[in-house]
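First up is the structure itself, then whatever we jot down about it.
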């Protein structure tokens, strides 16, 4: 017996015809296939019922499947007399029966039973063929009254409209046509069916099959980013009022306290015990030599310096910082030890009573270190140790390079401590390298008789570009092509130019090469012409690397190439996304303006973190923060093994343009246990635009750290920041709004979008390579995440989000057009009469038009001032369209490039993309058709239509010449706003004339 079965998933129906006399209906579906009949449950009082029920029919003879038909009929169940009323049907034939991997949910329009039937609506079905032997056919229902579904299941509050349907409906929906919105419906109980036990699954009435075809793709689901809550309160920004160094922050203003003012007034003061171990002298000698190191211990916390081999006068110059909040003892012990194979031996100890330790407050001078005698028991001749011990705060100069006790947890290797220190980085100054390849002469090739197919390859570091190939039989080749690179100061990588000749498929020979150091190239800050030069081509790359001095004087003939190489300093080199740039200055310092203000950032804490790794059988997180603005990057110290890390570190930047963005990211350090192969995991980031900050106000907020995962959006914690922007001159700041956004070279010699995006990717790679060489390094994954390198990649979610952003922008225009339509239709007669009066006044007194418009905009702006945002903008999940994205779309967004998915999934996604592109193609074609019809008015493609239009234009010119302009506008306005009793239901004559004009669609293949 054949295992072939026909599966039918009844998803739902839309806009059914009401039949119960109360504007609703109680609908159910009957399925008929090959003499088998199944029936769904009844959804009472619902014109848009949702079933999500599966049925499986036995296919007795697979050879007859193409000739079989499936009928899905919808009926209204009348309880009063147990009768059924026909609501419509769907008739499917053999070509609709496809494998499960190709099946998708389709919404079929309901067909009439006869000509006089009143039917409307659609039925959503998913029809597929499967041969899975574990799936059993459904039990046919007896022909009795249909069962009523009394299980009231909650549906999502808002299901997003299909992206393609939104585009089509935007341009193709008629004015008076009712709007129909069809959704991709989720199978809410499918996951429960798979997880339930066999006995429980037998009791359910929702799924009439036992399993789903596991080899196919799952049906699309729509889930919300905020499970269990109707609104994302947990994802909101929270304003805080912390006690900082300058006092308590309330409503953006600082209430000064009675303490001393501190330069670190945007962070909470944290007291530390600082111990500077400088060096030792006159340590006792031993037979095998001494390997000294120092151990600093306060209670259970201890820090260890590096050890030196075979020396009695070591020099460490290390600083240890012990948090005063965690001190468990009033005694500080500084022990000098000798490192041995078995057990380390204590040479001597210096002890301090913490009550006697002085307190230093910057800007006081640093405490001078002193010599202390090392003691061991009664023996006081163990040498001397130079130390400095004091109490201070994070404002101390020694704090960034200190070894922090509050950042340490557990036994970490000495190399791990280098990965935990705070650091300030300066991004390298980036230049655009413009190379113009003009021509080459006197090329020495192996075969002069054949046609040369030569091109020039240019390389700077990992950047390789090639010119277009040129074919010639002579030894003179001309390209005249410009190529651009990104280089960073100091210029470590030279420009390597080589002329390649293609001698066969995938086989090239090098004709000559030259190496040009970039520090010898001309620099320019404007568009002045650069002098060209002839460069000698060496026969081998090794000779080219040696330079021109290796060329023998007796060489009379040599190949040469004509180049123009310059460093363009008039551009701003984008090293991140254009919209999130932290700096807009040109590369050349000669073009820099004076700063307009100061930006101060206090990184207070990160709370509510999720474990990112497992350590000793429990969850752990080692977090640090990275802030990027302009050329300056900062990295806080790493707080090890803490889900609520407190940093209280403050940093300052100069601001040159308010239209810039500060980016702060939080990461998990994956290199503390000698794990060189691990990557630093992203926890989240926050962007703050400087123009959204009021000058002088302190913003203290807890920002939610939101990260998009393949399973959906997830909150990873809260980042607590204190931000203040101080402006030097309000007048200078206002003037800056009217100056060019970018340097002048971007307007004199603009770069196209493709070239700018390519250069941006090169710049990110250059910055990542330089910052990864620092100590501690900023990893490549950190730099790429902070610079949003993947913002240009295709994502269905981003496409939908941008489309809805566009619709929001034009929503005001749509509302105005809709309001004018209501005025023209006299929906509210009083409003229409008032509009007529206003229109009459504006026509009679046209000088009032512009003042009225600007006054209206002023009133709108002042009205919206009451609702102005009180906090800087932050990550918006609804704007990002993460609350209605399907799992497959997220899986596609997180897929690698190129893809790593199976061919079936790639084919299904490609078909979906083709469907979307086809709809967009149709919309673009319709827009082009309307534009071509406008051109057809005067192009004489339709001689009769153009003749009539010419006559109309001539008559209109004469009539409008003798008629006052105000009268013409008045008559046209009153005609458009005429009463519906004077309107005809058919289109007007101008519309009919326009629709009959020809377009170029007839000439398309």
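Cβ atoms are placed via backbone N, Cα and C, with glycine included.
Annotated features in TrEMBL:
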- 1-108: domain 'C2' (DOMAIN)
- 139-159: region 'Disordered' (REGION)
- 178-225: region 'Disordered' (REGION)
- 204-214: compositional bias 'Basic and acidic residues' (COMPBIAS)
- 254-372: domain 'C2' (DOMAIN)
- 408-535: domain 'C2' (DOMAIN)
- 580-703: domain 'C2' (DOMAIN)
- 833-860: transmembrane segment (TRANSMEM)
- 949-977: transmembrane segment (TRANSMEM)
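Using the rule of three or more Cβ pairs under 8 Å, pairs at least 6 apart in sequence, the domain 'C2' (254-372) is not in contact with the domain 'C2' (1-108). According to DSSP, the secondary structure content of the domain 'C2' (1-108) in residues is 12 helix, 56 strand, 40 coil. Broken down by DSSP into helix, strand and coil, the domain 'C2' (254-372) contains 6 helix, 54 strand, 59 coil. Per DSSP, the domain 'C2' (408-535) is made up of 7 helix, 70 strand, 51 coil. Averaged over the domain 'C2' (1-108), the predicted model has a pLDDT of 87.
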